[in-house]
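Q: Grabbed the feature section from TrEMBL, which reads as follows:
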| type | residues | note |
| --- | --- | --- |
| DOMAIN | B:39-273 | domain 'ABC transmembrane type-2' |
| TRANSMEM | B:41-59 | transmembrane segment |
| TRANSMEM | B:71-97 | transmembrane segment |
| TRANSMEM | B:118-145 | transmembrane segment |
| TRANSMEM | B:151-178 | transmembrane segment |
| TRANSMEM | B:185-204 | transmembrane segment |
| TRANSMEM | B:252-271 | transmembrane segment |
Amino acid sequence: MEHDVEAEHLVKRFGEHTAVRDVSLRVPAGSVLGLLGPNGAGKTTTVRMLATLVEPDSGTARVAGLDVVADARRVRRHIGLTGQYATVDGLLTGRQNLVLLGRLLRLGRRGAARRAAELLERFQLTQAADRPVGTYSGGMRRRLDLATCLIGEPRVIFLDEPTTGLDPTSRVLLWQTIREQVAAGTTILLTTQYLEEADQLSDHIVVIDRGRVIAEGTPDQLKDSVGREQVEIRLADPGHAETAAAVLRRQGGEPALEQGGRRVTATLSGNLPMISRVTADLAEAGVAVTEVTLRRPSLDEVFFQLTGATAQSTGPAPRKEQA
Amino acid sequence: MSRTAPIPDDGPLLRLAHAVHDGFVLAGRHLTHLGRTPEKIVTGTLTPAVIAVALGYLFDGVVTVGAVPDYTAFIMPGVLAQVALYGIGTTALGVVADLDNGITDRFRSLPISRSSVLVGHTLADLVVTAVNLVLVALVGFAIGWRIDAPAAHVLAALGLLLLFGYAMLWVGVLLGLALRTPDTVNSVSGLVLVVFSFLSTSFIPVEALPSGVAQVAAWNPVTALVTAVRDLLGGPGGVVAADPPLPVEHPLPVLFAAVALVLVVAVPIGTRAHHRAAAR
């Protein structure tokens, strides 16, 4: 497979502090990689190395097939970057920002003006185009930021926490624009601390914590790696709560009673066959059920399990599942 | 592995042309800023204008300094040199502000020359210096300064002030990168302005200075600048000493050497330090 981003064992230290200990990742051309991790995990430093802004202390990386250290200048012709702080000039207008960067990308005065008008239109910024960016809302600034990194029609875009601090509407609008860009064939590496965002946008997720990759896979693979489903049973009669709990306990769960016994939940493994056993047992015990739901673990739970595991790696091993 | 055909590297001439183009485009950015914050121009003229009024207008006629007949005409080149020195602080503050701003990352992720960001910065500040020179000269005219020289000499004097001023802007780049906070930049650049300005022959003729100080003042590049500008503008030089120090007798070679030295040292060091400072 063709990869637009390939990083091998990247390491970056700042004085005493090691920001990135060992990060390797690959982004196939035309796909979206979500780099997921808590604050301080090394996401931004990784992106800055890939975007030629800092040189790795060791390890190698290629972007658009070019080495980010030896060929930094040529890499820059193929990339677009948005930082977690919006990298636009607050004193210039939106249009002036776009024209400035267009001219630096050698589109010429007229070419830059045309491209600026196009992008302003596409990002719904035409009305605000001639106002200083300092007067923009957070969502408008991020949209402009994304627009500026598309001026040169780059092959690879790095989005460093593109929606941090945005309201839900602006976030959804930005997600939509990112999806359009993916549809147009751009390769995207996106960092985020929001699991929902990684889940929504990424083809592939790399989870990093304390400068190391701790898990990777598609969103589904990551959810499967946790491997347990949450079963939720709603009862018609709270008096049956204990009986229902006993049924779940027999399947190896540790049931919890909620809402005064109206709801019984447990984490179990075994998928649909398990569900049919549970419902059969409940019918046999004469428990009247209004609803049975099976919920896959959310990416949040996967994330907490992964990062929690590294945080307490010296603690007791997770309890072994009983079949 | 790669979709793109290899792109040939630009030749050195084309790269230079691009660097100059990018420098001008980026200078345009700073000048647009200035259009939104015109008060920045006023602050640059304030100190020199106050000195011109205080010394040239209030003290003139009360204080006799050395053998100088027309004190206002004597000090105006020194006042204009202060405008050039003031640029150190302007550029240093601009460099500090840009480093704290994400936009530096954006520029560094573009395929542009490393030096063009600072070239753009200093070119824009040179325009500010030029405007300030004209404004302060107007203050001089208001308090009775008259130039008695051909237009070509006036332009040459302006050229020398801008040349020296440009070198000072690169000193400002180094200062900003070394200090990194606006507060320290303000106090240090203020001190540099006062020391270099007053420890020269800007306001006191060299023969009127105590002999130890006179040697230091004579070799201060500001003295070479001020003396050269005085010669061009036909003002009173006050050079009556039988054996004037070399920089006073031959100001131009000393001035050019000083400017060349500053640029040769400050441009490469500043460019590299700026690159390193931004790579964090």
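Quick reminder: no glycine exception, Cβ is built from N, Cα and C everywhere.
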Q: Counting only pairs 6 or more apart in sequence, are there at least 3 Cβ pairs under 8 Å between the transmembrane segment (B:41-59) and the transmembrane segment (B:118-145)?
A: yes
Q: Near the transmembrane segment (B:71-97), which same-chain residues lie under 8 Å Cβ to Cβ, leaving out any that are not at least 6 residues past its ends?
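A: Sequence-distant neighbours of the transmembrane segment (B:71-97): 30, 40, 44-45, 47-48, 51-52, 55-57, 59-61, 63, 65, 118, 121-122, 125-126, 128-129, 132-133, 136-137, 140, 143-146, 157, 161-162, 164-165, 168-173, 175-177, 179-182, 185-186, 189-190, 192-193, 196-197, 200-203, 205, 222, 225-226, 229-230, 233, 235-236, 238, 274.
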Q: For the transmembrane segment (B:252-271), could you work out the same-chain residues 6 or more beyond its ends whose Cβ comes under 8 Å from its Cβ atoms?
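A: Residues 114-115, 118, 160, 163-164, 166-168, 170-171, 173-174, 177, 219, 221, 224-225, 228, 246.
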Q: State the residues, same chain only, that lie 6 or more residues beyond the ends of the transmembrane segment (B:185-204) and have a CB under 8 A from a CB inside it; answer 'none' if no residue qualifies.
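A: For the transmembrane segment (B:185-204), the nonlocal Cβ contacts are 47, 55, 65-66, 75, 77-79, 81-82, 85-86, 88-89, 92-93, 96, 172, 175-176, 179, 213, 216-218, 220, 222-223, 226-227, 238, 248.
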Q: What parts of the chain pack near the transmembrane segment (B:151-178), using Cβ distances under 8 Å and only residues at least 6 beyond its ends?
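A: Same-chain residues near the transmembrane segment (B:151-178) but 6 or more away: 77, 80-81, 83-85, 87-96, 118, 121-122, 125-126, 129-130, 133, 185, 188-189, 192, 221, 225, 228-229, 232-234, 255, 258-259, 262-263, 266-267, 269-270, 273-274, 277.
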